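TrEMBL has this to say about the protein:
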TRANSMEM  21-47  transmembrane segment
TRANSMEM  59-82  transmembrane segment
TRANSMEM  103-123  transmembrane segment
TRANSMEM  157-178  transmembrane segment
TRANSMEM  190-214  transmembrane segment
TRANSMEM  241-264  transmembrane segment
């Protein structure tokens, strides 16, 4: 029994990922995978049971709670972005390296793709029974909406575009407020829960038009899965080629919401000490101070060397 902890410790060390970036990508992958499994799982339960095992509200609860647990899994390693739009917004603000954005986004996309595959395997029999073996994108027996967003019949193209820009802008604006430690800092560990509440709020207020996708990786990954799993090219043709709207519009809205918060709120905070800032901000300040110190020290070192050479 005494040897078991040592054996497990050696095993864990052997499988430890040494690259920090790789660890962050794995965390992003797993975090969004969990969010998709719970969110799409809730939708599958409601749709395949024809509403006898849940409702629109339980779908939104599944999405919100899935996001919470996905963030809790990933936050200590990668910061739990779980959304390319959020990652891009941090890059624009200089709080996240642009070089990491493609790998974070790819990891999130793969996590969403495999999350959809897991839900499909779990609900395979229920989906087959509900559809009679015919996988449809539209109509009363449509099941593609379990995995990705599709516009409601009343929604026009421009209406959907506006819907996504406005929703993503509000989402990122609120996320920036949560990130801002100078505007009512949250207790440690509470941020994922508040983000989940935000997602639930958006679901019950902005979900009827197209399901408020907000997350390009969350929408495109499952859409690609349904394309190869039997729903076919209709997943890209439905809604007049709707698929690119939840892929592009959230980036536009996210940037708009981020800049709105920065210009109208964060830019007007009084100067504060490092202790009142977020860990990410503290790190930025430390790096800036180190750069300034190097600029001061290097010329001084050069002068010292010149003085020594003069007396040699």
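Placement of Cβ uses the backbone N, Cα and C atoms for every residue, glycine included.
Counting only same-chain residues 6+ beyond the ends of the transmembrane segment (190-214), those with a CB under 8 A from a CB of the stretch are 56-57, 59-61, 63-65, 67-68, 71-72, 75, 80, 83, 85, 145, 148-152, 155, 159-160, 163-164, 166-168, 170-171, 174-175, 178, 242, 245-246, 250. Sequence-distant contacts of the transmembrane segment (157-178) (same chain, at least 6 residues past either end, Cβ-Cβ under 8 Å): 85-86, 89, 151, 186, 191, 194-195, 198, 202, 206, 209-210, 212-214, 239-240, 242, 245-246, 249-258, 260-262, 265-266. With pairs at least 6 apart in sequence, the transmembrane segment (241-264) and the transmembrane segment (59-82) have fewer than 3 Cβ pairs within the 8 Å limit; the two do not touch.
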